[in-house]
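Student: I am attaching a structure below and will ask some questions about it afterwards.
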Amino acid sequence: MTERRIIHIDMDYFFAQVEMRDNPKLKGKPVIVGGKASSRGVVSTASYEARKYGVHSAMPMSQAHKLCPNGYFVTSNFGAYRETSAQIMSIFRSYTDKVEPMSLDEAYLDITELVRPDLPASKIAQYIRKDILEQTHLTASAGVSYNKFLAKLASGMNKPDGMTVIDYRNVHDILMTLDIGDFPGVGKASKKVMHDNGIFNGRDLYEKTEFELIRLFGKRGRGLYNKARGIDHSEVKSTRVRKSVGTERTFATDVNDDEEILRKVWELSGKTAERLNKLQKSAKTVTVKIKTYQFETLSKQMSLRDSVSSEEDIYNIAYLLYNDLKDPDVPIRLIGVTVGNLEQSTYKNMTIYDFI
């Protein structure tokens, strides 16, 4: 049986990072997302600069203001967060259909079928983080391991903008020295019960019998017993059927030079064709999307009689669609190429890996 390879991606201070990306004046400042300082709400996310003052998620805004009176208090913009999250989830699904989103800013990916001797899980995680950075200008942290519990644990160990791999060589040492409050799923109430029963770290938890833990925590006790041993058999649950494959890029500065834009269209067509090839799919629709410098989103789609899967075919159609969309007087900040109406390909484009 092939050993599983699971990645857990967790965006860094997601809401605050989106706000700083969309308003560069906030970069490097103590940003607190949730509402006005005088509001009765709670903190959704705080930047790392704000966390230095003791501000954290779920804290009352009034308390956050007392701790960080010079902070930049921002009202949540869920439209922007959802749009960015959709971009990120699309990146995940360009690698695998086995994606389990846990929230707007985190997900598990089962990439077992993608791993090869020359393409370890850690390298795939690096590619995913690179794609997120290039397409959204946001950083993400990743955890890589052989089950979901350890992957999630790993993703929080080297934040922000970091990656940690937990495998059979280091799992025991990591778990034994881990503070009990750092175990995923152990909240304040559970932590207090653990402390009251002499459990302060992973080793203390490991030394408890399964019976003792069930007595203390009921059914959860069996899960805690397994976690202390790095055991988790839960699957990455994905009910989504892939309907499209696509890639988009945000330019560093607004662009209205056709040559530069079409170079990017060629690049995106190639990446899209590569992903279709991995899935052994072809497509009967091609869509080009642009976002103008004024953040207006425009798109145009073409339905095809015969399906396409090659870089050249996708580019030729995308070229026509872009020419229909473009306005020489309006610079753009983003362009995307997506193919849809997927069907099983009768011909698999060959890559170098097919000959190895």
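Each residue's number is its place along the chain shown, starting with 1.
Cβ from N, Cα, C; glycine included.
Pulled these from Swiss-Prot:
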- E106: active site (ACT_SITE)
- D10, D105: Mg(2+) binding site (BINDING)
- 6-187: domain 'UmuC' (DOMAIN)
- F15: site 'Substrate discrimination' (SITE)
Student: Need the DSSP three-state call for F15 (site 'Substrate discrimination') to compare against my parser.
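Tutor: Looking at the DSSP assignment, F15 (site 'Substrate discrimination') belongs to a helix.
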Student: Going by DSSP, is D10 (Mg(2+) binding site) part of a helix, a strand, or coil?
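Tutor: Assignment for D10 (Mg(2+) binding site) reads strand.
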Student: Quick one: mean pLDDT on the domain 'UmuC' (6-187)?
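Tutor: Mean pLDDT, the domain 'UmuC' (6-187): 94.
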Student: Could you round the CA separation between D10 (Mg(2+) binding site) and the residue listed as 'active site' to a whole angstrom and send it over?
Tutor: 4
Student: Using a Cβ cut-off under 8 Å and a sequence separation of 6 or more, which residues in the same chain sit near D105 (Mg(2+) binding site)?
Tutor: D10, M11, F14, F15, S85, I88
Student: With Cβ-Cβ distance below 8 Å and at least 6 positions apart along the chain, what are the contacts of the residue listed as 'active site'? List them in sequence order.
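Tutor: The answer is H8, I9, D10, M11, S155.
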